[in-house]
Amino acid sequence: MIRNDTMLKGQFVLKKTQIALSAALMGSVLLTGCVTQKSNTESNGPKDTQVSYVEYFADNAVGNPLAIVQHPAAIHKNGITYVSYQGPKEDPFVATYNHSTKEWSGPFKAGTSELGRRDGGKKFDNHGKPTMLIDDEGYVHIFYGGHGGHSSNGKNPLGNTHFGANKHAVSKKPYDITQWEDLDNITPFGTYNQVVKMDNGDIYLFFRHGAHRSDWVYQKSVDNGRTFSSPVSFLKHKRRTDIEAVDSWYAWVGKGEGDNLIVSYDYHVCWDGGAGINGRGHTTERHDVYFMNFNTKTNQWSNVEGESLALPVTKEVADDKTLAMKTGALWTFNGTSHLDNEGHPHIAINAGVDRGAKTGGPKQTRHVWWDGKKWLGGNNIIEGYQGVSRGDFRVTDPSDIRYLVTYEKEGDAVLSWWDSDEDGNAFSEGSTVLRKNNATFAISALIENAHPEAQMLVAEKESDENIKIYLVGEDGPVPRALSNL
């Protein structure tokens, strides 16, 4: 899914001229947010015109417009990077950047989210952010709009409901993001969409089948997303008998080797109202890190040692067979997982001290990995840092791990590279990709099949509307002409 460092360095050399130009332009942008460039054109108008550039490609995002869990949010294919984010009314918006012509197209609205048109609840629900796929025929797919589905959709057979409806939009033409249509072929009871296309073209859509107290499932398509099979549960929610709570989960699914998918996840103790620590009731309390494999050819699930697992996996089985790390009193927020060149899994997990808030407290990104015999790691990427951090990573050799992490520094939002040549035990900060005053960043997972110029999407949050979205690469953001916004 993510190109290795050799391919990235090769592409970086080919694009050296453009990156140098972008860097020159951005010298002014970093101070002012806008840069002016003179250009000579073969037109009937003035020979010298001034073009103003900005670092962002869109400024109409709302709420929390990006997250790592809904992935991929962007894909690079045939020299074009396709990007998506949550725009006005929580609708999905899609744009493209052509790396050869340096031209942006869009953003275009890809669908209509029920979350932005619901009665009651918070101003922004934020759970229906778009997830993207490009099928073997070139059609662009967007999955969006659900926070478990609504009771008006009927009874959820695999859990409970909340708001919205999980939807599936597809472009009307291959590789064309200007026109879209909805396909009524997935259950409305969904949220946290994650989609993977296998080498043979089969599509696997993973999501939680409802609100907090629901199973995690997948639906499979063998016809480029035109139809999907019924949901199959792979993580089980169930009532606990020892405390006033329900077993629940948060998962991240990615491409493994060959026909395999890899799944990392953490456990959510879903307390009843008035129960739990200090009677806080339902909070975001989560703990521990788990890992398992899914062989899509044989339909067999297994743990890291190859031991078979029966579906759906329960808390008891997960603790016994798939546990990668106990986090103790630390609360978690799940991250991503990838394989190194030896086929060993590496997991990003965010964990922090419970400070009594509804969300516990700030969580810091940590690295956990399997060395072929045992699970190791758990150290902070940013040693000594106690604020909020989030990130995704590439790993080639077990001793060559590279994270792109956002964190707070001196009141600024920072996105920078962090590198480890010590098997993930310690990391050092490299170049800063983006830094903004008096803001926070929300980020996507690393872009699928990423181009060196376009590695990740970043939302600059100063308020909850008119949020700027950036496409950032190895050395900074891809600029866009202000007149083209």
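Note that Cβ sites are derived from N, Cα and C of the backbone, with glycine treated the same way.
Source: prediction; values computed, not measured.
Among the candidates N60, N64, N341, the residue that Swiss-Prot annotates alongside N126, K129, H147, R208, H212, Y250, H282 as binding substrate is N64. Summary for the recorded positions H127, H212, H268, C270, H282: the Cβ-based neighbour count within 10 Å is maximal at H127. Across the compositional bias 'Basic and acidic residues' (115-128), the DSSP tally of helix, strand and coil residues reads 3 helix, 0 strand, 11 coil. Sequence-distant contacts of the compositional bias 'Basic and acidic residues' (115-128), counting only residues of its own chain at least 6 positions beyond either end whose CB sits under 8 Å from a CB of the stretch, comprise 62-64, 67, 86, 88-91, 144-148, 150, 163-164, 166, 191-192, 464.
Following the DSSP three-state reduction, the secondary structure of H212 (Zn(2+) binding site) is coil. Under DSSP, H268 (Zn(2+) binding site) is assigned to a strand (E or B) in the three-state scheme.
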